[in-house]
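Okay, so here's the structure we're looking at.
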Amino acid sequence: MSDEKQAAVAVPPVPAPAPARSSPALDIEHAGVADDPRAWSNARKLSVVATVSAASMIAGLGANIYNRAAISQIEQQLHASSSSLALSLSLFILIQGGVPLLWSTLSEFWGRKKVYLVSTALCVVGCIVAALAKTINVLIGMRSIQALGSSAVMALGAATLSDIYEPEQRGTMMGIYYSAPLLGPSLGPLLGGVLTQAFNWRATFWFLAIFVGLCFVLFIPFKDTFRRERSLTYQAALKRRRAQLSAKASETSSISQITAVSRVVSPTEGGRNIPAPAPAHGNALEALQRDRDLEKQQQPARVVEPEPAPMNDIKLSLSDVNPAKPIIHVLRRMNNLVILVASGLIFGFSYCISYTCSRTLANHYGYNALQIGLVLLAFGVGSLVGSVFGGRYSDHVFRKLRARNGGTSQPEMRLQSTMIFMPFLPASVIVYGWVCERHANVAAICVTLFLSGLFSIAIYTSTLAYIVDANNGRSSSAVATNSAFRGSTAFIAAEVAVPLQTAIGDGGMYSLWAGLMLLSELLILLVWWKGGAWRAKWERKEQGIPRS
């Protein structure tokens, strides 16, 4: 071939691609959003904290205002059996722990505000109908509705705080937020005793209906803190929906192309067979398969690129809600699973001690409902102090370790703050049990209740903040899973508490609980030691990075 012909068919050189532009490393919770809640004023943020904290008391009050005196009246007036009354108690705890898994997923699509409004409205209905109940079956059903409605705030309150506060502030604000529901187990029996003695058991439910109704009113002007750009659950569902629509559009287009070509092109040309054109939708289907799970590609410490099209072009519906998938993503990380077990054990102890203390004071000290409520205030005050102080101390340790580490931080740094409280929790639990066993002066019970509440909740507050910090983009799912673990341990504790107390006494039972608290502390230390490596392993796996 001549040089002229070669020049005529020469392919022009392809220009080298421009170098990739570097982007600052940000996690999905710092993706750019309009009206960023983390840029709100302190006054506005505190109003959010006050609203969700007040509403979070619903769960504790609903579980504990159902006091011993009220149960006796219900048994007489509704001709209820002891097994039916026990079912109304345990079912409330079980539903309150498990349903947040659904509420958290709904909040990733509807936003926090809509879930708050729907759940509190359900709870108001449950309280009103329970106050008017004529049979025990209706009362059990309405208690279940109460549990369904009251469970949302406990699951979403911590997620709401993570929407508006940075990690170095979360411990303090979690402590303040969590101090409100901790008053429920202490104020519940006190209020229940006063209302039952002054009126009757129905008054307790009318009080709850009024209180929850006020919370509903507070949520009407509430400014939603949820931003879907910062939600892995929403982004995954959105990506899947777009891929499905793209695949369908490509398939329709390819069928039209094939039909049009077949009309004008002969199957043979010059004696040669012309292969049929490949369907154009193959690439789209392959892309759908690759993008089946956005969360597997999302690295928490990676920039979130903006969507090529506006996010409002596709509306997601309830058919896109899959509550199981976000929970699986939380539970398959070993650091989450271990810390959730530790957190659940601490909560189970907190529920058990307030439940069995009421029986001890009634049976061995002859106290009425009002006196029992006053004694249990010691546990509530200790829990409140532990929550506020533990949260602030958690942030202090977190900031100090981050500064020592050159300004970079890991969620596991927060758990180091729990070590100062660890020696005292099992000791205070054992002392409480044997003080009750020996029927010592009630002042000794008050002191040990205070210390048990302080040390247990100071540790629990740090674990709750860790669960949020270690699950960027999945904070509500992680907290909801924590609620499920708490509800499960509280349910088991409620079921075995009375038989254990009867069989081995307070001394034996709380010696057993002291051992479980020691186990919980060892699990927290394990996460502090190995949690970072476990987390990094799953982050690489979800991003698709092969093992080195």
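Using N, Cα and C of the backbone, Cβ positions are placed for all residues, glycine too.
Bear in mind that the values here come from a model prediction, so they are computed numbers and not experimental data.
Here's what TrEMBL has on this protein:
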- 48-532: domain 'Major facilitator superfamily (MFS) profile' (DOMAIN)
- 1-23: region 'Disordered' (REGION)
- 46-65: transmembrane segment (TRANSMEM)
- 85-103: transmembrane segment (TRANSMEM)
- 115-133: transmembrane segment (TRANSMEM)
- 145-165: transmembrane segment (TRANSMEM)
- 177-199: transmembrane segment (TRANSMEM)
- 205-222: transmembrane segment (TRANSMEM)
- 337-356: transmembrane segment (TRANSMEM)
- 368-394: transmembrane segment (TRANSMEM)
- 415-435: transmembrane segment (TRANSMEM)
- 441-467: transmembrane segment (TRANSMEM)
- 510-529: transmembrane segment (TRANSMEM)
Within this structure, do the transmembrane segment (337-356) and the transmembrane segment (441-467) have 3 or more Cβ pairs under 8 angstroms, counting pairs 6 or more apart in sequence?
yes
Are there residues at least 6 beyond the ends of the transmembrane segment (145-165) whose Cβ is under 8 Å from a Cβ of it, and what are they?
29, 37-38, 40, 45, 48-49, 52-53, 55-56, 58-59, 62, 91-97, 99-101, 103-104, 107, 112, 115-116, 118-127, 129-130, 173-174, 177-178, 181, 208, 212, 215, 225-227, 230, 464, 467-468, 475-476, 479-480, 483
What residues in the same chain, six or more past the boundaries of the transmembrane segment (115-133), come closer than 8 Å to it by Cβ-Cβ distance?
55, 58, 62, 78, 103, 106-107, 139, 142-146, 148-153, 156, 202, 205-206, 208-209, 212-213, 215-216, 219-220, 222
Thinking of Cβ pairs under 8 Å, which stretch from 85-103, 177-199, 415-435, 510-529 has the most of them with the transmembrane segment (46-65)?
177-199
Candidates 85-103, 337-356, 368-394, 415-435, 510-529; stretch with most C-beta pairs under 8 Å toward the transmembrane segment (177-199):
368-394
Interface-richest range of 85-103, 415-435, 510-529 toward the transmembrane segment (337-356), CB pairs under 8 Å:
510-529
Under 8 angstroms for C-beta pairs, at least 3 of them, ignoring pairs fewer than 6 apart in sequence. Is the transmembrane segment (415-435) in contact with the transmembrane segment (85-103) by that rule?
no
